[in-house]
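The following features are taken from Swiss-Prot:
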type: BINDING; residues: Cys11, Cys14, Cys71, Cys74; note: Zn(2+) binding site
type: ZN_FING; residues: 11-74; note: zinc finger
Amino acid sequence: MKYPKQIRTYCPFCKRHTIHKVEKVKKRPRSELSAGQRRFRRKLKGYTGFPRPNPAGREKPVKKLDLRFRCTVCGKAHTRGQGFRVKKFELVEV
């Protein structure tokens with residue numbers, strides 16, 4: 001899917017329609033020191049199996065896109081609804 005790099009949309013911070021830059025957010029590595037991750041690692045120790053139901057077969061083939069719209073006037077970014085599923089995504093100049 002081709003999506004424009006700049007789009008004119010409503011800015012909830014300026015409270016008016018302005019030009020926004022569209023940016024695709026990259027997934028960051030998960031923190032190994034978070035409380036949930038430490039609990040999970042403790043659970044994996046020993047002679048046990050996987051502590052949760054196996055997600056194979058239930059997971060979706062494609063993740064949802066995380067798009068941020070950054071206002072060129074105030075510089076703040078916001079999302080617009082939920083993401084959508086798409087295999088190929090490309091930002092293009094219009």
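Keep in mind that glycine also has a Cβ here, set from the backbone N, Cα and C atoms.
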As a test of reading the model: what is the averaged pLDDT for the zinc finger (11-74)?
91
Which listed residue (Cys11, Cys14) has most other Cβ within 10 Å, given these are binding-site residues
Cys11
Have a look around Cys74 (Zn(2+) binding site) and count the other CB atoms within 10 A of its CB, chains all included.
11
What are the other residues, in sequence order, whose C-beta lies within 8 angstroms of the center of the C-beta atoms of Cys11, Cys14, Cys71, Cys74 at the Zn(2+) site?
Pro12, Phe13, Arg16, Thr18, His20, Thr72, Val73, Gly75, Lys76
For the zinc finger (11-74), how many residues does DSSP put in helix, in strand and in coil?
10 helix, 16 strand, 38 coil
